[in-house]
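To start, the structure under review is shown below, and the notes come after it.
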């Protein structure tokens, strides 16, 4: 049996195991199973590892395992030529295990184990192709995520200040600082502004990794942590989270409208949707955010698989301007790509429509400010704009597609698409059946909702036409560079930090740590001490006292042995 089949079967086995445990424990009926390992006596501090099986952890773990199983099947098609396929599946298994540990062990030590595992293995997956571009992207990814790791370590140290990993005081300062650390750590892992530059750079990884990382694992880890521990966030932190998520949605949507790389467009759409989840959490709608997380995980993984098939059959071309005619050449892929884009846009009766409708209803029912509502509708308009632009570039016949016709698509490829399609439909039906918020959150009037959305789309379209007609070439090139570089955030996070900060640190190491310390202490002090010690030993061996000392030590060792 091939490695991809073995890896996929193991994932599906654990998926059904979690489903059986959830049914036995009555998780979907409001029950929960908590297992605790007490380690206070062994570690001399008050600590324990808790395994929590409730409906949130079970659904999320099942989603991660199911999507990873489909990704393993898809890898048998996309990476069939790879010589190191077994190494890839080992890294993928470790990545999934880290995510499952993060989900099932919500204590801070358990979270840290899964959190660090995600960071390290994501770096190894991003640099999988072993090129200079992959290494640069991997360094941006791992350095950005280390900021979140430091915040979580500081949160653990804050709680362990009295030899306990619980809240150590009732003071306002301790709870406020803990909430800041949790928010900053989650924002870095979920690529919220100002830590957004690493998400498009992570596209250097293979497409199966991107379909897993950008759907249900790495970028959603921060969202899951905030859903679990949103009680620690104060009102100030909620405001900061809402502002950051709103700016992230605007940045991702405007940048995706100008991007031509197909993988980066899908990555920026992920960034926009994760910002929407963060915005829902800032409103206190945690269950709605979790609903959108699961729905987005499935249709985004399906979109990445369809996009991977298009790139594979076009000769590894990722520029959407040179792709076209997919509708005639890959009809099944085109249908699923179209449906996943409709779900991304929130087209009526698709799963993305219900989750976005609930988020909009929550925003309007909680008396959010007028400016926030306008910006939120503008983000939705940006989503529709870049989705239609991508569909137009991929579907229309440009007559530059590398291959003309495909008589049969790969079996692994079709199987992964069918499994993911069924999983997306089943997840939307399950979430709609168990959510209670459908009866409590008011829906928006469809005529008002789509009228405002259509007006914003037309306004943005006319604005682009006006810039094309009236603006100078220098201004247009500056505008395109501004949006394609994510408001210059990728330049600031990548080139500036790499060329300035890292060079300054390396200069400090050369001239300070490796300079006077090694030159003065290493070459002078240590050498003089060693020379003096060696000369003293030589003098002792040459005089009468040295001979007596040598004989005494020899006799003592002989008596000690016998």
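Cβ atoms here come from the backbone N, Cα and C positions, even for glycine.
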Quick test of your reading of TrEMBL: among 315-334, 335-354, where does it put transmembrane segment?
335-354
Under TrEMBL, which of the candidate ranges 171-188, 189-206 is annotated transmembrane segment?
171-188
For the transmembrane segment (209-227), which partner among 12-35, 55-79, 117-135, 239-258, 366-391 gives the most CB pairs under 8 Å?
55-79
Distal contacts, the transmembrane segment (12-35) - CB-CB under 8 A, six or more residues away:
50-55, 58, 61-62, 65-66, 69, 434
